[in-house]
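**Q** Relevant sequence annotations retrieved from Swiss-Prot are reproduced here:
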DISULFID  CYS23-CYS88  disulfide bond
REGION    1-23  region 'Framework-1'
REGION    24-34  region 'Complementarity-determining-1'
REGION    35-49  region 'Framework-2'
REGION    50-56  region 'Complementarity-determining-2'
REGION    57-88  region 'Framework-3'
REGION    89-97  region 'Complementarity-determining-3'
REGION    98-108  region 'Framework-4'
Amino acid sequence: DIQMTQTTSSLSASLGDRVTISCRASQDISNYLNWYQQKPDGTVKLLIYYTSRLHSGVPSRFSGSGSGTDYSLTISNLEQEDIATYFCQQGNMLPRTFGGGTKLEIKR
């Protein structure tokens, strides 16, 4: 199986900040990288698919980039509603494995 690693398990930022969350695959996944958002109430939403394509209805402050084994999700102008845990998932090979998640919190 392809292992997905999110080295930062939690991240604290201020409203209005630009935040970048990273993900690394154990082998080349040919840009088949998705990002999911899990809200504190458990709701899960697909944000980005195929590295950089925004899912329908996702605000343009979310963007994705990367290639090969290294990928990132950037949130520009962080809003309160963005407080959640973010997971990367590779879709290049079955099983479609996930990273361990990065929990984003507001800096106090």
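The backbone N, Cα and C atoms fix where each Cβ goes, and this holds for glycine too.
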**Q** Does the region 'Complementarity-determining-1' (24-34) make contact with the region 'Framework-3' (57-88) through 3 or more Cβ pairs under 8 Å, each pair 6 or more apart in sequence?
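**A** Answer yes: the region 'Complementarity-determining-1' (24-34) meets the region 'Framework-3' (57-88) with 3 or more Cβ pairs below 8 Å.
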**Q** Would you mind listing, in sequence order, the residues at least six apart from CYS23 (disulfide bond) in the same chain with a Cβ closer than 8 Å to its Cβ?
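**A** Result: MET4, THR5, GLN6, LEU33, GLY66, ASP70, TYR71, SER72, LEU73, CYS88, GLY99.
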**Q** Tally Cβ pairs under 8 Å between the region 'Framework-4' (98-108) and each listed stretch (1-23, 35-49, 57-88), then give the stretch with the top tally.
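**A** By Cβ pairs under 8 Å, 1-23 leads among 1-23, 35-49, 57-88.
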**Q** With CB pairs under 8 Å as the measure, which of the listed stretches 1-23, 35-49, 50-56 comes out on top against the region 'Complementarity-determining-3' (89-97)?
**A** 1-23
**Q** What are the DSSP helix, strand and coil residue counts for the region 'Complementarity-determining-1' (24-34)?
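**A** Residue counts for the region 'Complementarity-determining-1' (24-34) by secondary structure: 0 helix, 4 strand, 7 coil.
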**Q** When you scan the chain for residues with a C-beta under 8 Å from the region 'Complementarity-determining-2' (50-56), skipping those not six or more beyond its ends, what do you find?
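**A** Same-chain contacts beyond the ends: 31-34, 62-67, 71.
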